[in-house]
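In TrEMBL this protein carries:
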- 4-52: domain 'Galactokinase N-terminal' (DOMAIN)
- 87-175: domain 'GHMP kinase N-terminal' (DOMAIN)
- 274-353: domain 'GHMP kinase C-terminal' (DOMAIN)
- 366-385: region 'Disordered' (REGION)
Ligand code: GAF
């Protein structure tokens, strides 16, 4: 990675930041409703190598993108950069807006997070640049600084990249702990690590990327968010966090009612999932996964044929539970699978995809990993499934 930087720019990188992708155990589309969610950081990560420039120019290149981007640090802002580079350039802008003295920089990106798989490659890109830049500016990544970086990465994503997302992905990439899922409460942005070791019970978390592309800048995500805001307005509450189910069932508009029902029941499922994990009741966690998937398929309408195929097939082949994960409209599913059924579940899903005429899926093991930080080298050998 440092060699890639040198061959792109002809000089050495000063620092390399590493930030993980994530998979959400449960709690979907709850973050922008001041609700609860329970993601974990993946071992798959994005790496950003940086060096300061004295002329105010910004150059951004990536091993995963054909086109590099170049501009001026003074000209950064909404509309100044589009596409993949906006997530990196947006962080420079947002940290400047937060009062940091951000110089021109050369940036080289490399990643092992599958792109477009609903595993937060965008947030990993933002957070890798943010931790590297923090180091370049001589700041310690204290918990307070990390929370400021979360806020800057969220501004980069919503205001520069134009994806109206809710903050789960940046929060877990910046604040996760190895060996634990992160319970995030978006009412007050507090977090709590929930130790997670399904392997102690002979189980694994399997992520299946349907390879159906998913883009949060498309209208489906934003329209769900608008429906949630409309429901909260009609109920007279600040957010759906404060809505009760009986009131939701009285909403007049059928679509808005179903959207709100998903959010209110999903927040409760997060609570019950945390209790199940803490009691090592994996069957109960599996039931929560399945109820969450049905809610997203029927009420929130963000699943698709490929995601439904993974969930149904995984359960038929022995998974304790499964659900789509992330923003929806494609991306990945997560299954809780007995270790001795892992191969059988992967094979069954692969076979079902062939039978249905879908593109072959990709599988990876989700092991709860550490948050973003600076690293000595660069990306390790590609992670394999
Ligand atoms: C995407 C968004 F980026 C998150 O903020 C969250 O809303 C998620 O979809 C759905 O839970 O990952």
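Positions of Cβ are set from backbone N, Cα and C atoms, glycine also.
Automatic prediction, not curation, is the source of TrEMBL annotations.
Across the domain 'GHMP kinase C-terminal' (274-353), the DSSP tally of helix, strand and coil residues reads 49 helix, 12 strand, 19 coil. Counted with DSSP, the domain 'Galactokinase N-terminal' (4-52) comes out as 9 helix, 26 strand, 14 coil. Note: the domain 'GHMP kinase N-terminal' (87-175) comprises 53 helix, 8 strand, 28 coil (DSSP; helix = H, G, I, strand = E, B).
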